[in-house]
Amino acid sequence: MSLFHHLVSRFLSLWLLIFLVFLVLSLGKSQKEALQVKVGIVLGSNVTLADLSLRAINMSLSEFYNTHNGFKTRIVLNVRDSKQTVVGAAASALYLIKKREVVAIIGPGTSMQAPFLINLGNQSKVPIISFSATSPLLDSLRSPYFIRATHDDSSQVQAISAIIESFRWREVVPIYVDNEFGEGILPNLVDAFQEINVRIRYRSAISLHYSDDQIKKELYKLMTMPTRVFIVHMLPDLGSRLFSIAKEIDMLSKGYVWIVTNGIADLMSIMGESSLVNMHGVLGVKTYFAKSKELLHLEARWQKRFGGEELNNFACWAYDAATALAMSVEEIRHVNMSFNTTKEDTSRDDIGTDLDELGVALSGPKLLDALSTVSFKGVAGRFQLKNGKLEATTFKIINIEESGERTVGFWKSKVGLVKSLRVDKVSHSSRRLRPIIWPGDTIFVPKGWEFPTNAKKLRIAVPKKDGFNNFVEVTKDENTNVPTVTGFCIDVFNTVMSQMPYAVSYEYIPFDTPDGKPRGSYDEMVYNVFLGEFDGAVGDTTILANRSHYVDFALPYSETGIVFLVPVKDGKEKGEWVFLKPLTKELWLVTAASFLYIGIMVWIFEYQADEEFREQMIIDKISSVFYFSFSTLFFAHRRPSESFFTRVLVVVWCFVLLILTQSYTATLTSMLTVQELRPTVRHMDDLRKSGVNIGYQTGSFTFERLKQMRFDESRLKTYNSPEEMRELFLHKSSNGGIDAAFDEVAYIKLFMAKYCSEYSIIEPTFKADGFGFAFPLGSPLVSDISRQILNITEGDAMKAIENKWFLGEKHCLDSTTSDSPIQLDHHSFEALFLIVFVVSVILLLLMLASRGYQERQHNASPNLPNDQANAAQEEVNEEGNVGDHIVEVDTALVRRKKLTSNTIPIRRVAPLSRLKSA
């Protein structure tokens with residue numbers, strides 16, 4: 001054993017040396033056996049972004065092959081300098097394809113260099129993989145061999161749009177670099193802002209070759225505009241210059257809003273501290289990478305290897321692009337990686353170019369398929385191409401401060417703005433973002449629109465009208481052709497502007513043609529304000545929902561409502577049956593039935609109490625009862641009733657008749673004396689059924705309202721002035737005129753001031769918001785003007801203006817009528833009739849109870865013999881002298897043998913003295 005241990009210890013170092021030599025030889029053999037695949041890189045030298053990206057590519061391939069040692073392919077990089085020019089990039093790519101026969105190219109670094117490389121790759125079937133060419137315009141080339149291993153700029157447009165919408169800014173100005181990169185985002189911005197009704201007032205293009213003075217001149221131009229929301233889309237080198245000059249001329253002060261795209265926000269790490277100071281208060285939209293395990297490990301390795309150089313988003317995309325290419329190359333390792341070169345006829349020197357003998361990569365289609373389907377979890381998130389590019393789902397909203405950037409929220413696809421990624425509900429309010437420090441070091445949200453003090457005069461459009469000139473009238477001097485604008489609306493606007501807290505210069509521009517005719521409808525005038533031809537519109541412009549999509553209206557300054565106006569007719573022709581009109585048909589029937597009911601109840605009560613009534617013939621009974629019942633109407637009963645119950649019922653019934661007759665008399669008097677004039681038509685439905693012609697003002701929105709109410713379009717007539725309306729009314733529908741007019745209250749009042757007693761307003765009154773001044777969406781003038789309108793309407797200024805233009809119309813407001821005088825119906829007297837019915841039923845029950853009681857008392861007394869009854873009858877002989885009274889005895893009881901000496905039923909007692917005097 002000792003000998004064995006001695007040999008092992010002696011030759012251990014030798015055995016280890018032999019093993020290491022064997023391992024190195026094996027690795028060298030495997031490396032030599034791996035397929036060398038040439039890949040080109042076209043990036044600019046001496047550029048921080050390109051340098052960081054190239055480091056990331058080398059680091060990605062090194063770590064990938066160390067992890068996947070058994071792969072049969074190895075990418076060999078061929079790096080060419082683009083010289084930061086389009087021509088340099090094109091020459092580099094042509095060299096790599098033609099001379100080096102690379103199977104793929106990573107690059108170029110900018111969107112401007114990409115178009116030629118894309119066409120070159122498409123022709124040679126060499127995939128062009130770019131991690132930094134983000135312009136959406138490159139998609140228009142429609143080359144399948146262009147792989148965008150990054151997001152295009154259109155993906156952030158929705159995030160920018162959400163910010164604008166959340167703060168309710170209505171106008172923006174994009175400031176962009178004047179090249180393919182800057183212009184590429186504009187179509188997407190326009191579409192996104194149109195969806196939320198945000199207007200792009202101006203597009204500011206700044207060339208890379210502009211001097212500082214030229215940039216300053218452009219910024220001064222922006223200062224003269226009212227818009228204060230700017231969206232900056234450019235790279236950091238030009239962006240730093242822009243913000244430095246903007247800071248110098250005080251455009252980063254209170255009231256301004258600056259938003260930068262990810263062209264600057266993603267590269268904040270390579271910008272100096274001075275740039276951050278100049279951008280204090282700026283908002284940024286930055287690409288968001290989740291802090292995955294892969295990203296954290298890469299950042300640690302990056303810091304260890306390169307020290308203070310920060311890993312940015314483009315370096316992450318470059319890292320993932322190299323990994324994806326290595327995986328795809330390994331997948332097609334069995335494919336021929338050579339080029340198929342076709343000789344061209346170059347015998348003529350004048351047609352020979354560098355594109356001659358440009359080969360076609362045999363591996364191109366297979367490599368393209370592999371790249372399109374590769375999927376893995378990279379450092380920048382899931383690497384999976386869709387339509388040849390990566391898709392962005394989340395952006396980070398940052399607030400730039402002097403010390404760096406601060407996250408204030410996020411934008412998530414299909415969710416919107418959120419304060420935290422843990423919140424999945426869409427935010428429609430800026431409060432869902434964290435507090436923001438705005439330019440000027442303020443936390444108050446800028447309005448986004450200010451009236452510049454050095455601006456030119458506002459161009460205020462006024463309508464050209466052929467009538468109703470009390471509201472707006474445009475006249476032109478025959479010699480100078482200078483327009484003069486007057487009217488109620490103009491005086492209101494002038495008064496409002498004179499009370500504004502700041503001076504506003506404006507001029508009236510008639511909305512007419514060169515020959516002085518109206519240029520179009522009010523809708524067209526409002527739409528031209530939206531298009532920017534005018535800075536506002538003043539006149540009798542009604543506030544409508546469809547118009548509010550294009551302009552902002554100040555508060556209304558006129559009365560509201562739309563009504564029908566019809567002629568009135570003489571109400572003295574009442575007809576022969578006017579006396580029936582105070583009561584409705586139902587009330588007449590109820591009253592007649594009540595008389596019949598009262599008669600029946602009287603019959604019942606009197607039948608039990610009146611012997612004379614019982615002895616009458618049936619026809620006499622009926623006539624007596626109903627005569628008695630109806631005579632109560634005039635309180636003229638011929639004879640008193642014999643029944644206590646009848647008397648009570650008659651008292652209640654007379655009370656009801658008193659109220660009924662008094663109400664009838666009052667209503668009939670009103671019909672015969674008060675109502676002298678009545679509208680020819682009482683309701684809109686009657687107009688629709690009658691099919692008469694209806695007038696409306698030319699160019700008014702009331703035409704659409706009439707069509708919506710299903711009025712026949714062929715029956716609608718137009719008028720331009722009160723005089724034309726009057727003329728149409730005189731002709732009537734039968735002669736091509738009108739029998740009704742549909743217009744706003746303000747115009748109807750003006751017409752009624754002249755013809756108050758001849759026309760009337762009928763129901764219903766339709767809602768409208770009145771007249772308002774129109775301004776561009778988001779205009780700060782709207783709130784200030786609305787405040788001044790409230791001030792003058794609450795004071796005496798508005799009354800003075802109204803008296804100036806509409807004096808004498810106020811008394812006509814009472815001519816508005818409703819239907820004919822209200823008839824009395826049975827509902828008004830339900831309680832009285834119910835009282836009569838209840839009282840009658842109670843009396844009937846009392847009568848029946850009393851009769852039953854008497855019957856029981858009588859049955860309890862013994863009956864007299866016949867002879868006693870006869871004796872009693874002879875004794876009294878129908879009339880007895882009781883003291884000094886003559887007594888009339890009920891003979892019926894005597895005949896029924898129910899009369900005793902103790903009980904003598906007396907029907908009527910009369911003093912003897914009265915009979916003697918008679």
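Every residue, even glycine, has its Cβ placed from backbone N, Cα and C.
These numbers come from a predicted model, not from an experiment.
Swiss-Prot annotations:
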SIGNAL    1-30  signal peptide
CARBOHYD  Asn46  N-linked glycosylation site
CARBOHYD  Asn58  N-linked glycosylation site
CARBOHYD  Asn122  N-linked glycosylation site
CARBOHYD  Asn336  N-linked glycosylation site
CARBOHYD  Asn340  N-linked glycosylation site
CARBOHYD  Asn546  N-linked glycosylation site
TRANSMEM  587-607  transmembrane segment
TRANSMEM  617-637  transmembrane segment
TRANSMEM  648-668  transmembrane segment
CARBOHYD  Asn791  N-linked glycosylation site
TRANSMEM  829-849  transmembrane segment
REGION    857-881  region 'Disordered'
COMPBIAS  866-881  compositional bias 'Low complexity'
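Structure with Swiss-Prot features highlighted.
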residue	record	CB count, 10 Å
Asn58	N-linked glycosylation site	16
Asn122	N-linked glycosylation site	18
Asn336	N-linked glycosylation site	11
Asn340	N-linked glycosylation site	11
Asn546	N-linked glycosylation site	10
Asn791	N-linked glycosylation site	14
Candidates Asn58, Asn122, Asn336, Asn791 (glycosylation sites) - the one closest to Asn546 (N-linked glycosylation site) by CA: Asn791
Secondary structure of Asn340 (N-linked glycosylation site) (DSSP, helix/strand/coil): strand
Inter-residue Cα distance where the pair is Asn58 (N-linked glycosylation site) and Asn340 (N-linked glycosylation site), in Å: 29
Coarse DSSP state, helix versus strand versus coil, of Asn546 (N-linked glycosylation site): coil
Cα-nearest neighbour of Asn122 (N-linked glycosylation site) within the listed glycosylation sites, Asn58, Asn336, Asn791: Asn336
Cα-to-Cα gap, Asn336 (N-linked glycosylation site) vs Asn58 (N-linked glycosylation site), nearest whole Å: 25
Between Asn791 (N-linked glycosylation site) and Asn58 (N-linked glycosylation site): CA-CA distance (Å): 72
Three-state secondary structure, Asn58 (N-linked glycosylation site) (per DSSP): helix
